[in-house]
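Visitor: Here it is: the structure, laid out below.
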Amino acid sequence: MKLGQEHVKEVCDSALVSSLPPSSFRSSSQLSSSHAPGFAKLNRRDGAGGWSPLTSDRYQWLEVDLGERTKITAVATQGRYGSSDWLTSYLLMFSDTGHNWKQYRQEDSIGSFPGNSNADSVVQYKLQQPTVARFLRLIPLDWNPSGRIGLRLETYGCPYTSGVVSLDGSSSLVFRLSPDPRQASREVVSLKFKTLRNSGTLLRAEGEDGLGLSLELERGKLQLLLRQGRTSSSEPRRLASLGSLLDDQHWHHLALERRSSRLNLTVDKHTERIQIPAEFSHWDIQQLGVGANQDPVSKRNFHGCLENLMYNGLNLIQLAKQDDHQVTVVGNVTFSCAESVSVAVTFPGPQSFLQLPGATAASSSSGGLSVGFQFRTWNKAGLLLTFDLPQEGGVVWLYLSEARLRLQIHKAGRALLELSAGSALNDGQWHSVELTSRRGRLSIIVDKEEGGSAHATPSFSVAVESHLFFGGCPAEEDGQECKNPFNIFEGCMRLLSVENRPVDLIKVQQRLLGNYSHLQIDMCGIIDRCSPSRCEHGGRCSQSWTVFHCNCSDSGYSGATCHSPVYEQSCEAYKHNGNTSGPFYIDVDGSGPIKPQLVYCNMTEENTWMVIQHNNTELTRVRPSPDINQLSVHFDYSTEEEQLLAAISQSEHCEQELSYHCRKSRLLNTPEGSPFSWWHGGPGPGRVQTYWGGAQPGSQQCVCGLQGDCVDPQHYCNCDADRMEWTEDSGLLIHKESLPVRSLVLGDVRRPGSEAAYRVGPLSCHGDKNFWNAAFFDKETSYLHFPTFHGELSADISFLFKTTASSGVFLENLGIKDFIRIELSSSTRVVFSFDVGNGPLEVHVESIAPLNDNRWHRVRAERNVKEASLRLDGLPVATQEAPTDGHLHLQLNSQLFIGGTASRQKGFRGCIRSLQLNGITLDLEERAEITPGVRPGCPGHCSSYGSLCRNQGRCVERASGFHCDCGLSAYTGVFCHTELSASFQSGTSVRYTFKEPYELSRNSSALPSSIYSDLTQRGENVSLSFRTNQSPALLLYVRSYHTEYLALLIDKHDNLEVRYKLDSSRDAEVLKSKVESLADGELHTVTIRRLTDSVSLQIDQNPGEDFNLTSDGEFNGIKSLVLGRVHDSADLDPDLSRLASLGFTGCLSVVRFNSISPLKAALLHPDTSPVVISGPLLQSTCGSSAAANPYAAENTHHLSDQSGVVASGQPLVNAIKTDSALIGGVIAVVIFVVVAVLAITARFLYRRKETYRNQEVKGVKREDSQDFHFNNQTDPQSVSSENPKECFI
């Protein structure tokens, strides 16, 4: 074994107490001389076999002086020999001086240590973080209830050597360093420091030209500053801030490491990584300075002690001791740590108070008062001091309220005097308070000259009658005249003085002065719970003495620590929540580090598209310029880089339009030659791409070259033909690795006569690979396993499940003692249980409805340092608070089991989908492919999402998800919820023709089945909505080949009539409704149902009306259905014929005749349906009502692309016909004038008293839908203004 090459870990476990003399032990008290603290040595039986105090309470302590600062790694305890006296829990304190104790905490939270269960066994606790101290103090918390406090102890560790230097605020050390080329890529400066002052420059590192870094204390926090120039006038730049409460006169570790382009700043156990500014790329430290800088009496100079100042392994304090020529010593520098003794007292809880005697008789008789102290706290409110006034019978209260210092003097329930001073006094800093009353003048002063003050001249003397009470009052049963109407004080105090005489708190501790309860004397137990902040995702941390709070507003996250995402992860998820098109925030990685981003979700098609804009999606003109060889255009997207790349990665398909319109401007030329133009795409700045939209990567072709139909067969792009006629090369880029388009370089734009225009569309993606990732578990013994889940401080788990089983474990991960589990414990209960060392905790949600209904249910569980929560579907969230001072870290080490447990019992049977842990999706399908008993995927989504398909829309299963088939619905849209309305004028007619008789034998129709129907009806269902001011008016007319008909009309009395003529030899039967005033311009809905001779009629929410026909009930040979004017009315009854010739003026919407939707056929696909339209038919939202239809008019428009000027280009109105722009403009003006005149004339001719006042309408626009297929050629730049809420800008 080569010892020189092996790393030998230091052994540091020597017994430290057993060899100490009795004089090294002290205690609060002792039961007798044989119970003295000197007998408290492990496994010894001297004296009475250990230490026991005089009384057993929580004010007792045992102290050990190790003689010098020592590294301590473990503590062991034992009860008093041969007795029933032992501790069951205790606190550990450490100190260098025997004062200013610091409590040792496990995991920065746990304060107490487990003790013994009998008098003889030894319980040893290894410190998670070894500590260095000379003095150790053990404070009993609990002991055997059948005995008293009894203790023997041992500590383990090893000697600690260090170099220490003390700086007094005017002294300093400066080290001149010689560069070491071997260390050029890595430099490390480390040290320990302790100080009582919260501000001061700790360390300066300087290089050439005064460029340097400095580490400075500011309000107890360490700031890393970048300084340029040696003059103090240049303002430094802050690079980082770390640590808190560093002025507590305890040792703190500091390290600054430079690794190539990064800086690592470490304070105690917390590290922050900083990107080095460009100025430091070739920076070397030439000089290190600690202590005073230029002004030896400045308050910015460091005052305190340093230890083990190291630079790249070189001990600089050792060099200073040796008077090395590289070191300059300025002022009074001593190589030991001279510390002033400052005894503090901590008020930790509601029963804490400190009682001191008031003024002496002499000062009381003179009517004077002088009380001073310093305090620090996180609380906004609390009583600092109260005392009674002599003779007058009044009471004085000095307290905090809204973080201001307030003084009140009351007498007989009435306020005699009120003063206030200071602000923001709950910042955790030390603040001084002086209360004085002399010669009739009362003053309160906060923080001396730096703070505020208030003064008054009361008409009565202010002095102390008997006692001063700090922090609170004794319990009422103690009989003290002390009342506290305010909050208790939780915090620290020090430097107390009464009548300008300092209060000896050690005497108070020894019960030789005053009285106290529940105080921690000779220490300040303040903890900064916001450093480091447990609030995630930019949540703002605030705190009180005992807890912290996270303000998550504007962060996009929620929960106790701002961990859980507020937004969904994709447009697909929003769609399946029932949302319609519009702008949405999506959070692609859930609770991960990537922030939410604003995108547009287009849900009008079968695929749900996520659209991300950039700064110029217009068709943009390129003007030739002889001064430039190439035009370079850059595109800036509306989302950040990591958001963009994550959104692309998560999507199943992405595309981006790339088009080039050209006239004598070449694009790529030939595949063999260098291209004239190219683009950059992909991550970061992107890689050079030499293919065009629609072609393959690396092909150096356009889509016409791929298809072989370019205008010049010798070239692979239309523009490469170099012709004078306008042409274009356009297509979609669909390779995700090359997206998005970052920049465009156009090369052939300087020749005379060259003209071009380009367009790069927005990035569009659809499909969410994570949302539908699922696995089916068909046995209770089957499971999937994954690597251990690491969620030490924050863990969130979300998934969907469906099952028919009544119980089963969804997820389990075990540690040695810790665990986490989510299970279905019964058919109505989901349980989230875990243990982080504080004992098992459980959160559960109970559902009223059974959960084993084979429908998808969503579970979201979270555990953080403050609480655990569980959400199930939309039920109220269940929470369980974590203990304030409990264990924090969840420590797991086994595999993560999904759908089962390590014991293979209580497994889950059913489907689990979209399982995410801390924002990371587990690929269940990939693992299920290779796991017996588990199948990838899980069909059957319509049972859960089918209700989203409305208005007779039919849910159709897909491998990943579902879609709504609106073929049998009169509505359209992604959920068949968008009503279809049209504005009719008197000349408008829509005729829908049913099958001709000779077509019955044919079997060759390729059109949707909803377009045809049987010719003979024994009943029908008819429904429509209308809005009109016209009466009489014909709403709907259905005729047959046998002069039979059905007519729906409004008569001259504004009532609804239904006329049936089902026997050509008899007159029509008229069914009149009792509902009145239907021609009032309001929206009305009518439903007619007939079965043979029974007819029911429903209008709006009015009671239904029933009628009976006298005919045989058969409607034979149906020929056509007409909406609006009936042109062929020769065979109609005379009065009906006159009415049919008038036409209909108003609005019709959602017209349905059995399975036929004639208005939908006319509006969406007139070319492929048996409809004939004459006269103006205008699609409108006139049938919508915000009250009647919450889904009013889903936005089906294309995005309004952001316009902007890019480089030298301009938004192009018409890039192709540029030569005729002026002529076209003149023609457009002429056409506009003619149309305007015709419109005014038509309005004059048709305007009448009862004319329906039409709402804003739009022209017929075809909509892409799953039940009618066609190419939409509408202008992609147009934007509907009918629903401004859904416009995305």
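Just so it is clear, glycine is given a Cβ too, placed from its N, Cα and C backbone atoms.
Keep in mind it's a predicted model, so treat the numbers as computed, not measured.
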Visitor: Name the residue from CYS765, CYS911, CYS966, CYS976 that TrEMBL records as disulfide-bonded to CYS938.
Guide: CYS911
Visitor: If you count every Cβ pair below 8 Å, which range out of 8-158, 343-524, 773-938, 995-1182 shares the most with the domain 'Fibrinogen C-terminal' (562-614)?
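Guide: Result: 773-938.
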Visitor: At a threshold of under 8 Å on Cβ distances, which of 343-524, 773-938, 939-977, 995-1182 pairs most often with the domain 'Laminin G' (164-337)?
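Guide: Stretch with maximum Cβ contacts: 343-524.
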Visitor: Give me the long-range Cβ neighbours of CYS911 (disulfide bond): same chain, 6+ apart, Cβ under 8 Å, in sequence order.
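Guide: Result: ALA774, ALA775, PHE776, PHE777, PHE801, LYS802, THR803, CYS938.
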Visitor: For the domain 'Laminin G' (995-1182), provide the mean pLDDT of the predicted model.
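Guide: Looking only at the domain 'Laminin G' (995-1182), pLDDT averages out to 83.
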Visitor: What number of additional C-beta atoms lies within 10 angstroms of the C-beta atom of CYS938 (disulfide bond)?
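Guide: Result for CYS938 (disulfide bond): 23 neighbouring Cβ atoms inside 10 Å.
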Visitor: How many of the residues that make up the domain 'EGF-like' (939-977) does DSSP mark as helix, as strand and as coil?
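Guide: Residue counts for the domain 'EGF-like' (939-977) by secondary structure: 7 helix, 11 strand, 21 coil.
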Visitor: How does the domain 'Fibrinogen C-terminal' (562-614) divide up by DSSP, counting helix, then strand, then coil residues?
Guide: 5 helix, 18 strand, 30 coil
